[in-house]
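Chemist: Positions annotated as compositional bias 'Basic residues' by Swiss-Prot: 1-15. Annotation source Swiss-Prot lists region 'Required for nucleolar localization' at 1-17, citing similarity to another entry. Annotated region 'Disordered' per Swiss-Prot: 1-129, 150-179, in sequence order. Sequence annotations record features per position, and here Swiss-Prot assigns compositional bias 'Polar residues' to 25-36. Residues or ranges marked as compositional bias 'Pro residues' by Swiss-Prot: 46-59, 85-94, 120-129. Annotated compositional bias 'Acidic residues' per Swiss-Prot: 74-84, in sequence order. The motif 'Nuclear export signal' annotation in Swiss-Prot covers 129-138. For 162-179, the entry in Swiss-Prot reads region '6 X 3 AA tandem repeats of A-T-P'. According to Swiss-Prot, the feature compositional bias 'Low complexity' maps to 165-179. Per Swiss-Prot, region 'Interaction with host PPP1CA' is recorded for 179-192. Summarising the annotation, Swiss-Prot assigns region 'Important for interferon resistance' to 194-252. Feature annotation from Swiss-Prot assigns region 'Interaction with host EIF2S1/EIF-2ALPHA' to 222-237.
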Amino acid sequence: MARRRRRHRGPRRPRPPGPTGAVPTAQSQVTSTPNSEPVVRSAPAAAPPPPPAGGPPPSCSLLLRQWLQVPESASDDDDDDDWPDSPPPEPAPEARPTAAAPRPRSPPPGAGPGGGADPSHPPSRPFRLPPRLALRLRVTAEHLARLRLRRAGGEGAPEPPATPATPATPATPATPATPARVRFSPHVRVRHLVVWASAARLARRGSWARERADRARFRRRVAEAEAVIGPCLGPKARARALARGAGPANSV
């Protein structure tokens, strides 16, 4: 297997160093001289701009300058023109409208420039309540009117005629005011309530009724048992039982 021969390269030609701080920039010029390397001639570096008054120090990086907040001096006034949403400046005292001078009234949206109707704006429709709300308000108003009539002198009674107002006499301590009397309405309403008899009966009954029925049933059953067993436990029945036991024994 043949080995590959490595090519021998001679020593590299050293590159002459350029001037210190020569960096090709937009203001630099590249010139070449015969039998020599190109030389970069850069313009003198411009001095950095002085930091603004009250701004961040020049040692801060660009990122820190964007996020660093330096308090402004109290003498600087904010310019309202820099803010688009700022309110308009207040007018001068002589330009302010006075109370005597009438303010110009803006025409309604449906009026034209001459005061007539503007065909571009349709006339506004009158406000109308929904049907259900109107019905509810009407029923409520009628109910309140009936309540007023009932409180005044009974339901269905005609309203008393309006009497001219008489001057009120001042009450003296010698004549005490008459106490108010209770007036009953001459119109009486009777409302019949229809209920199920079984539901009313069950409502009248309760746990006490069930316990009373159980006690009565227990007494009745005890009396029936005493009527059957009572004669067997009397003195005569005991004597007969003892005489039967004292007799001759039963033969097997």
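Including glycine, each Cβ sits where the backbone N, Cα and C put it.
Keep in mind it's a predicted model, so treat the numbers as computed, not measured.
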Chemist: Could you put numbers on the helix, strand and coil content of the motif 'Nuclear export signal' (129-138), residue by residue per DSSP?
Modeler: 8 helix, 0 strand, 2 coil
Chemist: Looking only at the region 'Important for interferon resistance' (194-252), how are its residues distributed among DSSP helix, strand and coil?
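Modeler: The counts are 47 helix, 0 strand, 12 coil.
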Chemist: Just to confirm my parser: what is the rounded mean pLDDT across the motif 'Nuclear export signal' (129-138)?
Modeler: 88
